[in-house]
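Note sheet for the following structure.
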Amino acid sequence: MEATTSLLDADAVGDLVLLDPLTEESLLHTLQQRFRRSDIYTYIGNVVISVNPYRSLPIYTPEKVQEYHNCNFFAVKPHIYAIADDAYRSLRDRDRDQCILITGESGAGKTEASKLVMSYVAAVCSKGEEVDRVKEQLLQSNPVLEGLGRPWLSCLPPPPEQLKLRQDCRHYGYLNRESFGLPGVDDAANFHAMQDAMRVIGFSPAEVTALLEVTAVVLKLGNVQLSSSYQASGMEASSIAEPQELREICELIGLDPGILERALCSRTVKARDEMVLTTLSVPQGYYGRDALAKNIYSRLFDWLVNRINTSIQVKPGKQRKVMGVLDIYGFEIFQDNGFEQFIINYCNEKLQQIFILMTLKEEQEEYIREGIQWTPVEFFDNSIICNLIENSKSGILAMLDEECLRPGVVNEDTFLTKLNQLFATHKHYESRETQNARRVMDASLPLQCFRIHHYAGKVTYNVTGFIEKNNDLLFRDLSQAMWAARHTLLRSLFPEGDPQKVSLKLPPTAGFQFKASVATLMKNLYSKNPNYIRCIKPNETKTAMLFTPELVLAQIRYLGLMENVRVRRAGYAFRQLYGPFLERYKMLSTRTWPRWAGSDREGAEVLLAELAFPPEELAFGHTKIFIRSPRTLFDLERSRQERVVQLATLIQKTFRGWRCRTQYQLMRKSQIIISAWFRGHMQKNKYKQMKRSVLVIQAYARGWKVRRAYRRYFRSAASACLANFIYRRLVQKFLVGLGRTLPPLAVLDRTWPPAPYKFLAEANQELRSIFYHWKCKKYREQLTPQRRALLQAKLCASEL
């Protein structure tokens, strides 16, 4: 009930598909309202939006794991555990490979999101020695990949298809500075944590040492400085300014310093069937140095990922299903956008394309399963933008490769001119030249720039550096130098350096490699069931629970959330199984409340028919009810809330009536019992009075008989006088004796001496009564007014 109420909260809906009206302002307001309530997760269908709170929240406990384990996705509050559980159950029960795509800016929480996904899967998956080993290795891969993160060396993201366990790493500082003489922070705790993690994964000590040595080579290459000199011919030549750094590198990898110096400062080219050694200028030398450092680190990182994947892979012969977790930079729009932003945005354009296509495919499959007619959905098809960039014959990347490989003078101006000629009429391409041709004055578009209308907005790219960064080639001399090293790991990273495998074919450009990587990634995603997590950075200062609307609105546009919502709510915005739907809304119809005896679908049809919604608003599938607009759903929810109030009032009224009836019946029963006891008491008193009267009559009768007997006996006067005298003496004696044997004056003491003669019994009883009343009168006279009032109250209560 709590989760459903959260999803249908009109002020801050848990599912943006139900947002009404759907505008950027309402979407932003909803995210802000939920963020203020510490609800950092929101749905767009089965897509999770995560707003980074920059503080710990008590929503990742083992109890929460159990709450979301095997749950219905929409039966609980929005949470990253819900999408992780849905992906895991789809992998386990439906035998479908899964991929979880996590996108967002730097600082949006992508790395933390991937950790939460993997920790949840590790917590709920099956148990066993082999499973526990793989789970532990999987979790320990985080500190290893974070400790050797790659973005600090290149703005270019790694080939996505290689990264089953890719984590978006940011920081370096785990390596032991004392052992390798490296710059950075000596963080002993993190360094030991990384070493422990590598040991758990299965790295041997020799492998760990080799990995750290190669990383040290990368860092030390950045310290190598070149100096300029001139040959006799007048041509500029470069040389090593500080040989000490070069010697330290060569000591680590077992290489002759002369070989590495020649590779850095000169280049072997083929001229007229013979190899000629040409010197390099200082800029060319730095270019080669940087290219070598990037290639070493890129290949080292790929080796590291493959090594981890080898450790955690299941044994041969066992069933293998895949759940990939990929976090990638989100769409980027900066003040100055270059080659890096261009290819990153190209990747996000492709991800948006696959998201829309697979969402529509999923929608269409559900409609077919439910027997509902599928109608084509209007949406922005960004394939025209993807084709603008990746077309193999006339795309921007193809033109860039063509310029990089073309002989003669090649620079960014010729590249931009070619783009302007090729895309002069393209509606998603703009430049100063094409705008002038259209007679449009746009001062915001510099001369050295072109603009692409991406799905997330317009982005202006500066072509400066495009050719250099795309033509980021590693000179053959550098590959051969690395092959000549005695360091086993470094040597294995450069197999093309083997002189016996020399190829005269030019290596692919950076753009070509990235395009191939994206194509492979798309192929993998199409073969798997994708799940999406969109991460949002709420502020630039990483302040806890601070929400900056302007920054978040920009990310809403970059992430394409509005388009995501439009695609999700195309057709029918809400659908639910008949059982839960009927259970929630059955009180709105007198025919379905309180119990419905038929099937769930029949109950839903009866219920909605009585509510008289327009037919076009509803569709009845095989197992689900489909509702077209959110407004209809909110009308249902409002009617339900009103009906709940009525039912609550009815329940309260019924309870109060029952309580009053119960209290009345209890009082009536008590009154009957008291009356019965009172009547019994009265009957006993009447019986006693009647018995006393009978005794008095009997006493008088016996006395009369005695007197008559005495009269008969004493017939003469003397006899009568004597009899009277005797009678008086006996009475006098009795009274005198009675005066000496009077009982105590206590009112509760009702003892009385018996009469010595039978004919005095009646008189004795009368004296007893007189004495008792006199004794009670004396007791009453000595009572205080308070005591008298208390006894009167007790008497009244006793009578009742």
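The backbone N, Cα and C atoms fix where each Cβ goes, glycine too.
TrEMBL labels come from automatic prediction, so no person has curated them.
Given the ranges 58-80, 311-333, 518-540, the record in TrEMBL names 518-540 as region 'Actin-binding'. In the predicted model, residues of the domain 'Myosin motor' (11-641) average a pLDDT of 83. Within the same chain, residues at least 6 positions away in sequence whose Cβ sits under 8 Å from that of GLY107 (ATP binding site) are ASN52, LYS537, LYS542. According to DSSP, the secondary structure content of the region 'Actin-binding' (518-540) in residues is 9 helix, 8 strand, 6 coil. Around the Cβ of GLY104 (ATP binding site), the same chain contributes SER50, LYS110, ASP327, TYR329, GLY330, ARG534, CYS535, ILE536, LYS537, GLN555, LEU559, each under 8 angstroms and 6 or more positions distant in sequence.
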